[in-house]
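The structure under discussion appears below in the form of structure tokens.
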Amino acid sequence: MIKLHDKYFKKFISQEQIQEAVAKMAMEIAKDVKEEQPIFVGILNGVFMFFADFMKVYNYPCEMTFVKLSSYHGTSSSGEIKELIGLSQDIEGRTVIVLEDIIDTGNTLDELHAIFKAKKVKDFKIGTLFFKPEAYQKQHKIDYIGMEIPNEFIVGYGLDYDELGRNLPEVYQLHTNNMINLILFGKPGAGKGTQANFLKEKYNLVHISTGDVFRYNIKNGTELGVLAKSYIDKGDLVPDEVTINMLQAEVEKNPEANGFIFDGFPRTTAQAEALDNFLTTKDMGISATIALEADDEILIQRLLERGKVSGRADDQDEAKIRNRFDEYNQKTAPLIDFYKKQNKFHSVNGIGTIEEITVRLSSVIDEL
Ligand code: AMP
């Protein structure tokens, strides 16, 4: 991920894909015009990188020139008028191929057609490296297309975001926040981990369970594990600072994620505030907090059952379980209001089969 001005962009089209498209265009164009000694006209600024790479693989006699389309606001009702600057050659009677980096709405195409027709060229063709069929609003045929792309804002390989990004050797796409970041909320034993395992597959999200990360560290005897164990074994919460740092590190490990499921985090108001602040610095945010609701007595039975197989000390002793519920009631329950104030709180019935509950959660997520 890279940042240009205020926005984040993620990798979209690799150098190999670009070079393949450029080579394909060069072949197609050569097939049609190689005998004609055409004039290639590059539309600056965006075309410079494509134009150079194109010329390296177009191995036939040709001329080349560059123009700019400058817009100025006329007084006519049509508003914006475009003017071609920099075309000094006499192109009458020549085969002209205009090369563009990208065509989206096609607005400048009208101008180009009008301008070149007036110059009495023999043949006029247009080639573009990138084409956005969903955005295109014109009838003109585009003679050569390197690759069709979805209607996304792209930068790199000559294309800019407010003048930055042109020198990137590959194409990046605006990282819009259609990222889904979920908090699975609920008391111990509510089924957060179980459901997260299904939801992460269904929505292609990265699952971060702070409890699992702690247990992994305990198992491996890390410093963090040793520290956390003393709290976890009693059913107390691990101190905020430790937990927050750990969570941030887990998020940082997944820069390409489509989104995250936070399971067991946040558990305190300080953690929730830290999470909001941290996500803001990454141009991310929480999409929804979804609570799985179930009765304490049912949860205690579930946890005791789980304790028989998991071996978790904190699942095997009813007093420890009750302590975890106390911790939840005192420190975690206030987050319901925290997320309600942000209009992000949802709750679903956590009693039923695993599939039924996944369906309930999915219907909340699909509405987001
Ligand atoms: P869990 O697997 O989510 O039930 O977590 C097991 C234990 O790990 C908890 O009882 C806490 O001791 C510790 N823990 C997990 N997540 C957090 C958190 N967000 N804040 C503090 N302690 C946590």
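Placement of Cβ uses the backbone N, Cα and C atoms for every residue, glycine included.
Because TrEMBL annotations are produced automatically, they should be read as predictions rather than curated entries.
Listed in TrEMBL for this protein:
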- 14-161: domain 'Phosphoribosyltransferase' (DOMAIN)
- G189, A190, G191, K192, G193, T194, R306, G352: ATP binding site (BINDING)
- 209-238: region 'NMP' (REGION)
- T210, R215, D236, L237, V238, G264, F265, P266, R267, Q271, R312, R324: AMP binding site (BINDING)
Contacting binding-site residues for ligand 1, chosen from G193, V238, R267 when the Cβ sits under 6 angstroms of any of its atoms: V238, R267
Greatest C-beta neighbour count within 10 angstroms, which of the binding-site residues R267, R306, R312: R267
Count of other CB atoms lying within 10 Å of the CB belonging to A190 (ATP binding site): 22
Binding-site residues: G189, G191, G352 - member with fewest neighbouring CB atoms within 10 Å: G352
Neighbour count (Cβ, 10 Å) for G193 (ATP binding site): 17
Integer Cα-Cα distance in angstrom, R306 (ATP binding site) to T210 (AMP binding site): 18
Rounded to the nearest Å - Cα separation of A190 (ATP binding site) and F265 (AMP binding site): 14
C-beta crowding around V238 (AMP binding site), within 10 angstroms: 19
